[in-house]
């Protein structure tokens with residue numbers, strides 16, 4: 001068996017990617033494929049925590065465009081992450097991997113409330129943990145939730161899964177075919193150049209806590225497994241100058 005590069009990670013999954021080709025809702029085939037990779041990583045002995053977005057159902061800024069109050073729109077997105085988390089939990093548990101969903105907003109009939117020590121204990125017991133409902137507050141993205149949870153559980157890295165984009169570019173490669181890809185970039189460069197890795201709050205949180213970010217295309221064949229093993233799938237590493 002190959003030796004994984006990380007012992008404990010936060011895997012940030014794009015919500016939009018869960019919709020597959022439909023572009024909205026959930027694609028069972030995508031869920032199953034992701035669950036199989038998560039199981040493979042789990043079976044290597046890696047402690048896996050997951051944060052999933054909600055772009056397949058809702059985006060807060062969409063609500064703003066409709067004239068909604070920003071906080072209300074963000075709360076809707078927060079609830080959508082819970083739907084995604086439950087769907088992913090079901091897919092993973094069908095592969096006989098114990099999985100816990102922990103929410104930042106209490107909904108005890110649905111999932112456990114997030115308690116830091118309990119989350120770490122679940123990971124130590126070999127369970128996959130899915131963090132849902134963002135940070136529990138409006139105005140914060142699921143990227144910020146991933147950075148916050150990674151700091152709280154002392155994860156060795158955030159594996160930032162993107163849909164159809166290999167790593168970090170100086171501009172959107174889906175729009176600009178001359179976009180230049182970075183193999184490695186610092187937190188400071190991400191902030192100064194406004195590179196679309198994660199929002200500034202999340203990037204600053206990772207920088208302050210020295211949490212490396214690995215940006216990769218989560219839809220490539222076995223890319224999650226390969227990234228955990230340290231194999232090259234075209235990913236970009238975001239870290240400090242001395243990391």
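Every residue gets a Cβ built from N, Cα and C, even glycine.
Annotated ATP binding site per Swiss-Prot: 12, 13, 14, 15, 55, 59, 163, 169, 172, in sequence order, evidence recorded as sequence analysis. For residue 163 (ATP binding site), the Cβ neighbour count at a 10 Å cut-off comes to 17, with all displayed protein chains included.
Taking Cβ-Cβ distances under 8 Å and a sequence separation of 6 or more, the neighbours of residue 136 (UMP binding site) in its chain are 78, 103, 104, 105, 114. According to Swiss-Prot, the feature UMP binding site maps to 74, 135, 136, 137, 138, 139, 140, 141, 142.
Within the chain, the region 'Involved in allosteric activation by GTP' (20-25) has long-range Cβ neighbours (under 8 A, six or more residues past its boundaries) at 56-57. For 20-25, the entry in Swiss-Prot reads region 'Involved in allosteric activation by GTP'.
Ranking the binding-site residues 14, 142 by how many other Cβ atoms lie within 10 angstroms of each Cβ puts 14 at the bottom.
When the Cα positions of 12, 13, 14, 15, 55, 59, 163, 169, 172 are compared pair by pair, the longest gap among these ATP-binding residues is 23 Å. When every Cα pair among 74, 135, 136, 137, 138, 139, 140, 141, 142 is compared, the largest distance found for this UMP site is 11 Å. In sequence order, 60, 63, 138, 139, 140 are the residues of the chain that are 6 or more apart from residue 74 (UMP binding site) and have a CB within less than 8 Å of its CB. Those residues of the chain, other than 74, 135, 136, 137, 138, 139, 140, 141, 142, with a C-beta within 8 angstroms of the mean position of the UMP site C-beta atoms are 78, 134, 144, 145. According to DSSP, residue 74 (UMP binding site) is assigned to a helical segment.
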